[in-house]
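Structure first, then comments.
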Amino acid sequence: MAARQPFTDTDTADEAVRATCDDATTCKRFATSKGYWKDPYIQYFVRSVGDRKAPEINRGYYARVQGVNHLLDAFLRKTQCDCQVINLGAGLDTTFWRLKDENLMPRKFFEVDFPTVVARKIHNIKTKPPLSKPIIETHSTDSLLLDAHSLESDRYCIIGADLRDISSLDEKLKKFQLNPELPTLLLSECVLVYMTPSHSSNLVHWAAETFHTAMFINYEQVNMSDRFGQVMIENLQRRQCTLAGVEACQTLDSQKDRFLKTGWEHVDALDMMTVYTMLPQDDVARYYKLAHLQLVNGSAVNAVAES
């Protein structure tokens with residue numbers, strides 16, 4: 001019998017990062033239960049609404065979801081859906097099902113995450129008909145490629161991979177018919193911050209070099225040297241979760257530099273206070289009434305890069 005490999009510090013850190021997937025999904029589940037936005041599919045990944053969340057958290061997630069969706073949908077309409085989307089560190093995200101319902105499906109929608117996260121998601125899809133049926137409806141043959149750590153249909157693909165291993169990531173994506181010639185949108189939400197600057201730069205550079213036409217939406221922390229940022233870092237460290245890439249999250253300019261230095265021709269960055277003012281004001285007024293509190297002070301960023 002082979003000797004069992006010792007549990008390393010890297011394993012502990014990776015497990016803590018994987019746990020943030022549950023945090024985000026639980027927060028989204030609670031916010032949707034209070035009417036901040038509609039997501040009929042998230043209930044199949046998180047059964048319970050869970051503990052009450054602060055209004056600031058609910059509005060923060062609303063702004064995050066709506067901001068990212070606005071950019072994603074604009075890309076899909078600009079390309080008339082003749083494109084592909086790669087969600088890096090997708091977790092239990094439900095975007096595929098939303099796009100299917102809204103008739104905004106790209107030619108193919110890819111998701112990548114740790115194999116253990118992917119295995120959980122695939123299990124939920126296999127056992128929940130409201131999740132599996134839309135996938136089958138967009139597939140042209142009688143069988144799907146499905147195993148413990150990957151799912152492939154004509155329009156939807158989930159891949160278990162480590163984003164720090166670029167050669168393996170590239171190989172797996174191409175195995176499942178990634179097309180570098182197609183306009184491509186890459187999406188990451190609070191993912192790069194958990195990678196060292198060298199690893200995240202390698203990933204961003206790979207994206208710039210691989211696709212002829214591409215857009216990268218990165219939602220991530222900013223202003224991490226202020227008191228709010230320091231409290232966030234300390235809280236995560238107590239859970240043995242280190243923000244290995246925090247040095248790129250100091251300012252909007254440092255976020256932009258990461259992309260400009262790795263081959264992206266144009267980069268814009270907005271803080272979430274700015275994004276919040278751009279959201280439909282009727283909705284914002286409704287959320288004031290829901291929360292009975294003042295506008296949230298967000299600390300994240302939508303960085304949009306184009307090659």
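Keep in mind that glycine also has a Cβ here, set from the backbone N, Cα and C atoms.
Annotated S-adenosyl-L-methionine binding site per TrEMBL: R64, G89, D162, L163, E189, in sequence order. A simple way to gauge crowding: the CB of L163 (S-adenosyl-L-methionine binding site) has 22 other CB atoms within 10 angstroms, across all the protein chains here.
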- Query: If you draw a 10 Å sphere around the Cβ of R64 (S-adenosyl-L-methionine binding site), how many other Cβ atoms fall inside it, taking every protein chain shown into account?
  - Reply: 22
- Message: If you count, for each of the binding-site residues D162, E189, the other Cβ atoms lying within 10 Å of its Cβ, which residue has the minimum?
- Response: D162
- Would you count the other C-beta atoms found within 10 angstroms of the C-beta of G89 (S-adenosyl-L-methionine binding site) for me? 22
- Which value in Å gives the longest Cα to Cα span across the S-adenosyl-L-methionine site residues R64, G89, D162, L163, E189 as recorded? 24
